[in-house]
């Protein structure tokens, strides 16, 4: 065993591992990236301005939906106002059934309103059933329209 310890085994290393390290060749990562971006800026011709910085964000589903709704709202605001009004007017006409002139509606009118609902939707029941769609306050209609507006934008545009 002592004979094994006394002998020192020499390893043959490749030349790139045994070459002396030159101080100028060792460059930090930050300096290398700065040089690369500077070279890129010179090639593009924008050496006078700083390179653009890109930021990447990770979002969960709720944040992504919020951002998407914000983008839709901004896009909607940038559209022509008359076009938006005409779209809202046609949507409102399609969604709201006609109001009856008499306070008591006949059963035929009620049946026609119920049959005009989409399949799978039932008429409102309970205390809300006695209220006609025309007796809603403008605030309630506006809230409902806002909620449906986003759904229409997402699924039908």
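Heads up, residue numbers simply count up from 1 along the chain you see.
A Cβ is built for glycine as well, from the same backbone N, Cα and C atoms used for every other residue.
A quick note: this is a predicted structure, and the numbers were derived from the prediction, not measured.
As given in Swiss-Prot:
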COMPBIAS  80-91  compositional bias 'Basic and acidic residues'
COMPBIAS  96-106  compositional bias 'Low complexity'
MOD_RES   1  N-acetylmethionine
REGION    80-148  region 'Disordered'
MOTIF     1-21  motif 'KBM'
MOTIF     147-157  motif 'XLM'
What is the number of residues in the motif 'XLM' (147-157) that are helix, strand and coil, as DSSP sees it?
10 helix, 0 strand, 1 coil
Average pLDDT across the motif 'KBM' (1-21)?
67
